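So that you can see what the record holds, here are the features copied from Swiss-Prot:
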BINDING   Cys25, Cys39, Cys42, Cys48  [4Fe-4S] cluster 1 binding site
BINDING   Gly78, Lys79, Gly80, Gly81, Val82, Gly83, Lys84, Ser85  ATP binding site
BINDING   Cys251, Cys254  [4Fe-4S] cluster 2 binding site
COMPBIAS  16-26  compositional bias 'Basic and acidic residues'
REGION    1-38  region 'Disordered'
Amino acid sequence: MTEIANGQQILPPDYTLKEPEPEHCPGPESENAGKGDSCQGCANKEVCESLPKGPDPDLPLIKENLANIKHKILILSGKGGVGKSTFTTMLSWALSADEDLQVGAMDLDICGPSLPHMLGCVRETIHESNTGWTPVYVTDNLATMSIQYMLPDTDSAIIWRGSKKNALIKKFLKDVDWDYLDYLLIDTPPGTSDEHISINNYLKESQIDGALIVTTPQEVALLDVRKEINFCRKAGINILGLVENMSGFVCPNCKGESKIFKATTGGGKALCNELGIDFLGSVPLDPRIGRCCETGESFLDEFPDSPASTAILEVIESLRDAVGDV
């Protein structure tokens, strides 16, 4: 069993800090390490300046470890609370419903992991072998990896700065033994944080298919999605498309639809038309989605006749078409 206990890091750090890095630390692998404005007066300045620069020697190892994964997809959102992890969960269930597909779900939200709970395997732990870390299998063809499996209990908090989170992300990408997968879904934190920069850097040589972006219809969510799209374009990440979650509520009794989050500026579809990206579809609200995520059950199996189930399957067909897997 691999575990983080008492808030300690299980991995040897990439470097030894004299004190926690400052808020705007450029990172030890940056060309500006030890030279940036935030480095002045930092006790770690000399340590960072002395570190080797240039290509990360672990990138070829990450590429080799992920070589047997056919499709690698990042799941992104500009704002928290739009249902990104929920959608990742439903996407995992839907793809793995095809017994001919091998699916993996990697939870890289280090400080707020939720996939283990939503997939019904929160009490599991990671085991090591001579081939690396063995992922937790939800079903015979659905595997998952998360920091939650390394914590002593579900209430344990991860209070890490960037370097520790980045080291674990690299460990997940380099040392988890996925074997062969048709799909690896990578659930990321909301926003454009340190983790996103690291994920992009670590996967540069691994030929990811791109990113699926999740939003809700209201402008306050779309404002942050614009930033996410801008980040992807600057980072060279292919945008596979956008999904509008919680687009409406269909009453299970009268079948009438209500707009809970109103698309005051046209919603996700209008944004896609404006910015020239593919709109993969809208998924309506269904309270039973939350119930299934609480119990770790597949919403698509439990409620196949729900309008949300139909919409999710249509989105997945569009996604498979976008990655050339039809």
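Each Cβ is built from the backbone N, Cα and C atoms, and glycine gets one as well.
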Those binding-site residues listed as Lys79, Lys84, and which of them has the most Cβ atoms within 10 Å of its own Cβ = Lys84
Within the same chain, the residues at least 6 apart in sequence whose Cβ is under 8 angstroms from that of Cys251 ([4Fe-4S] cluster 2 binding site) are Glu257, Ser258
For the binding-site residues Cys25, Val82, which one has its C-beta crowded by the most other C-beta atoms within 10 angstroms?
-> Val82
Give the three-state DSSP assignment (helix, strand or coil) for Ser85 (ATP binding site).
-> helix
What same-chain residues, at least 6 away in sequence, bring their CB to under 8 Å of the CB of Ser85 (ATP binding site)?
-> Ile75, Asp107, Asp109, Ser114, Leu115, Met118, Asp187
Report, in whole Å, the straight Cα-to-Cα distance of Cys25 ([4Fe-4S] cluster 1 binding site) from Lys79 (ATP binding site).
-> 23
Pick from Gly80, Gly81: which of these binding-site residues has the biggest number of other Cβ atoms within 10 Å of its Cβ?
-> Gly80
Secondary structure of Cys39 ([4Fe-4S] cluster 1 binding site) (DSSP, helix/strand/coil) | helix
Closest of Cys25, Cys39, Cys42, Cys48, Cys254 to Gly78 (ATP binding site), Cα positions, binding-site residues only = Cys25
Check: same-chain CB within 8 A of ATP site center, minus Gly78, Lys79, Gly80, Gly81, Val82, Gly83, Lys84, Ser85 | Ser77, Pro190, Val214, Thr215, Thr216, Ala221
List only the single closest residue to Gly83 (ATP binding site), chosen from the binding-site residues Cys25, Cys42, Cys48 by CA-CA distance.
-> Cys25
Which one is it: of the binding-site residues Cys25, Cys39, Cys48, Cys254, whose Cα lies the shortest distance from the Cα of Val82 (ATP binding site)?
-> Cys254
Alpha-carbon distance [Cys48 ([4Fe-4S] cluster 1 binding site); Lys84 (ATP binding site)] in Å = 35
How many neighbouring Cβ atoms, not counting its own, are there within 10 Å of the Cβ of Cys48 ([4Fe-4S] cluster 1 binding site)?
-> 23
